[in-house]
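Working notes for the structure below.
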Amino acid sequence: MSRSAHPAGPRYADVLPEGHYSAPPADLNQLDQGVWARTVARTPEGAVTVGGLDVQQLAEEFGTPAYFLDEADFRARCRAWRDAFGADADVFYAGKAFLCRAVVRWLHEEGLNLDVCSLGELTTALAAGMPAERIAMHGNNKSSEEIHRAVEEGVGRIVLDSFQEIARVAHAAAALGKRQRVQIRVTVGVEAHTHEFIATAHEDQKFGLALAGGAGGAGGAGGAAGGPAAEAVRRVLQLDSLELVGIHSHIGSQIFDTSGFEVAAHRVVGLLRQVRDEHGVELPEIDLGGGLGIAYTPDDDPSEPQEIAKALRDIVTRECEGAGLTVPRLSVEPGRAIVGPTAFTLYEVGTVKPLDGLRTYVSVDGGMSDNIRTALYDAEYTVALASRASTAGPMLSRVVGKHCESGDIVVRDAFLPADLAPGDLLAVPATGAYCRSMANNYNHALRPPVVAVRDGAARVILRRETEEDLLRLDVG
Ligand SMILES: *Cc1c(COP(=O)(O)O)cnc(C)c1O
């Protein structure tokens, strides 16, 4: 048996990557407006407030760690997307970013539709009164139960992701005596990440059906004669219990420009044209998915919904005119771009450990159980001392959690005031998306609450887990 030991400790671990953090900001107390929820501010005494409420009082009332969500900001973002796309398009909020019944009600009131991708999300949506016809069901491996329930409830569309699923949904709809509206999810050979996208010949991922393949070859417009997507269209059109309403494409996440969507729309319209030529039908809908980026740090510069809507509409119109097609109804599915910027996580500092010549490790009372994105994706966040202002100089810090794992990092590189001390409150902005929804019980951590704040009032919309909750699942 062979064993190897790795030298442990920060001196042997990662060396500071070049350019991973920028110079300290001129004013550590300043809150960058692009990164924080709209109603976040500092009082003259120095404490951070949201919706007019001081984080010190919020921490006292709701404890830490906790997510505080700016309801006015959430609703404003819903309206901005809704207004930007207008009456001839649909905005589906991607529920996986963050979903609870209060959020469903806000979406309903603000006129948005909702994407779900599991029975749990569907149940939450229906329990909060979202009309089934405004729900779309996603997922690459929907169970028979999920499919049956979605069809039975009458969801507005099911997005088909495989040949097996075409048969399963057709079967469920037939058994229930229904005709189910469906879209086919295609992979267009575009992968977008943050500031760049890659157009690939092969769609090496689990989602969707490839446009490319067969006689048409990869990549070109309409070059899908023999591709799986074209074959899926053929099969769906033959099934009486399915109504094919459109083609769906989702190219990635945290995207900052529309060039990836341009390639995707070009290729999707190529398929629409082929469908018309082959079957004599013009499909009425095109869904370009979500993935629009937000500002996690002041370096990120996302576009406004107005600009995105105009760009996507122009692209689709141009492509369809070029192909001699009537412009289909457009839909988009922002998740992160709506909820991401609206919340911050509030933590209490437990320990401050300076490592000479390196940085200071600041331990907070949460970690990878409430925000796994740093560990999972090397995501970047910023952080601010929230319970008070400080005139101390900058201290290069790493904000870490309390879990038994050295990768338990919340903010890899941050400048915090050098007088930081146990008991101070830290706030990490832009944690509204994929933080609570990906939260876990590692080390039997209790998942934090989500507190909605609006006009000087705060209310829990998702309560903190308790030890009782943990023990209830453990049947002994
Ligand atoms: C995840 C997902 C979205 C939302 O992505 P965001 O990056 O949160 O905008 C939209 N559509 C589909 C199909 C998804 O899987």
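The backbone N, Cα and C atoms fix where each Cβ goes, glycine too.
What you see is a predicted model, and the numbers here were worked out from it, not measured in a lab.
Record features, source TrEMBL:
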- CYS404: active site, proton donor (ACT_SITE)
- GLY291, GLU333, PRO334, GLY335, ARG336, TYR434: pyridoxal 5'-phosphate binding site (BINDING)
- ARG336, ARG373, TYR377, GLU405, TYR434: substrate binding site (BINDING)
- 72-339: domain 'Orn/DAP/Arg decarboxylase 2 N-terminal' (DOMAIN)
- 345-432: domain 'Orn/DAP/Arg decarboxylase 2 C-terminal' (DOMAIN)
- LYS96: N6-(pyridoxal phosphate)lysine (MOD_RES)
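All features noted in TrEMBL, drawn onto the structure.
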residue: LYS96; record: N6-(pyridoxal phosphate)lysine; Cβ contacts under 8 Å, 6 or more apart: ASP115, CYS117, GLU121, GLY335, TYR434, SER437
residue: GLY291; record: pyridoxal 5'-phosphate binding site; Cβ contacts under 8 Å, 6 or more apart: ALA192, HIS250, ILE251, GLY252, SER253, GLN254, ILE255, ARG336
residue: GLU333; record: pyridoxal 5'-phosphate binding site; Cβ contacts under 8 Å, 6 or more apart: VAL91, PHE92, TYR93, ALA94, ASP115, ALA136, HIS250, ASP287, GLY289, GLY290
residue: PRO334; record: pyridoxal 5'-phosphate binding site; Cβ contacts under 8 Å, 6 or more apart: TRP81, VAL91, TYR93, ALA94, GLY290, LEU292
residue: ARG373; record: substrate binding site; Cβ contacts under 8 Å, 6 or more apart: ALA379, TYR434, CYS435, MET438
residue: TYR377; record: substrate binding site; Cβ contacts under 8 Å, 6 or more apart: none
residue: CYS404; record: active site, proton donor; Cβ contacts under 8 Å, 6 or more apart: ASN443
Binding residues GLY291, GLU333, PRO334, GLY335, ARG336, TYR434 (pyridoxal 5'-phosphate) - maximum C-alpha distance in whole Å: 15
Contacting binding-site residues for ligand 1, chosen from GLU333, PRO334, GLY335, ARG336, GLU405 when the Cβ sits under 6 angstroms of any of its atoms: GLU333, PRO334, GLY335, ARG336
GLY291, GLU333, PRO334, GLY335, ARG336, TYR434 excluded, remaining Cβ within 8 Å of their centroid (pyridoxal 5'-phosphate): ALA94, ALA97, SER253, GLY290, LEU292, ALA337, ILE338, GLY340, ALA433
For GLU405 (substrate binding site), nearby residues of its own chain (Cβ under 8 Å, 6 or more apart in sequence): MET368, ALA375, TYR442
Secondary structure content, the domain 'Orn/DAP/Arg decarboxylase 2 C-terminal' (345-432) (per DSSP, counts of residues): 5 helix, 40 strand, 43 coil
